[in-house]
Amino acid sequence: WIMGHMVNAIYQIDEFVNLGANSIETDVSFDDNANPEYTYHGIPCDCGRSCLKWENYNDFLKGLRSATTPGNSKYQSKLILVVFDLKTGSLYDNQASEAGKKLAKNLLKHYWNNGNNGGRAYIVLSIPDLNHYPLIKGFTDTLKQEGHPELLEKVGYDFSGNDAIGDVAKAYKKAGVSGHVWQSDGITNCLLRGLSRVKDAVANRDSGKGYINKVYYWTVDKRATTRDALDAGVDGVMTDYPDVIADVMNEAAYKNKVRLATYEDSPWVTFKK
């Protein structure tokens, strides 16, 4: 999965997919009442990027639905996975469950079209703080209450705070999650970060006994870092430059080892070599 980073304006969906992304990451900010409000990152953000692009969250969801609904004039068949980077740092811990409920209602209405031929992309809810694990239950309970438990098949989870792998496992246990887990690791492109935790996550994924199904590394903008990440065995790389990742995947060392994921590749099933 080549994951376009910080895709917060509707026009950027096409821009990143056309550069080679089959997945995007979108920031979600919340208002004081835990309503998802804008797709907005703000300052500071990655070096070389504008931090200030935004849409109203519901408008973005409608644009995303168009891009991921077969038959729509804006349909992009390659776009199969969306990571919502939930900026829950602005919320009190006791609002996490409420944020999950409201997120579920927004997605159900504006993205899944109330279960009636909505967008088809898989969704990852990425949460920066382990203490906000109740967001997951708020989300899953709401989809069930609204009569659409089947949509949970399209939803996965990520804790993005670079916490110890054992602590992340405990948070999932509390949230009642087993499966559909992506584990992120990374840092802004302005700084360097080693791959030791990525390797730990890959080992957990491949052990058959861990909680992780997929691993992604962010933010990867250079060819050398891309090669290191692919060599470490990641499933996804998040990038500001999808074309750089695509180029490296076409290099002789990789072109017979890795390929771009398609809609038929489940993002929840650990790939067996």
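Placed from the backbone N, Cα and C atoms, the Cβ positions cover glycine too.
Summarising the annotation, Swiss-Prot assigns active site to His5. Feature annotation from Swiss-Prot assigns Mg(2+) binding site to Glu25, Asp27, Asp85; the stated evidence is similarity to another entry. For His41, the entry in Swiss-Prot reads active site, nucleophile, with the evidence type similarity to another entry. Annotation comment: Swiss-Prot describes Cys45-Cys51, Cys47-Cys190 as disulfide bond, evidence class similarity to another entry.
Sequence-distant neighbours of His5 (active site): residues of the same chain at least 6 apart with a C-beta under 8 Å from its C-beta are Glu25, Asp46, Arg49, Trp218, Thr219, Met238, Thr239, Asp240. Within 8 Å of the centroid defined by the CB atoms of Glu25, Asp27, Asp85, the record's Mg(2+) site, lie the Cβ atoms of His5, Met6, Val7, Asn8, Thr26, Val28, His41, Val83, Phe84, Lys87, Ser126, excluding the listed residues themselves.
Within the same chain, residues at least six positions away from Asp85 (Mg(2+) binding site) with a Cβ under 8 Å of its Cβ are Glu25, Thr26, Asp27, Val28, Ser126, Pro128, Ser160. Highest local Cβ density among the disulfide-bonded residues Cys45, Cys47, Cys51, Cys190 belongs to Cys45, counted as other Cβ atoms within 10 Å over all protein chains shown. The Cβ of His41 (active site, nucleophile) lies under 8 Å from the Cβ of Met6, Asn8, Asp27, Cys51, Leu52, Lys53, Lys87, each on the same chain and at least six residues away in sequence. Residue with the densest Cβ environment among the binding-site residues Glu25, Asp27: Glu25, by other Cβ atoms within 10 Å. The secondary structure of Cys45 (disulfide bond), as reduced to three states from DSSP, is coil rather than helix or strand.
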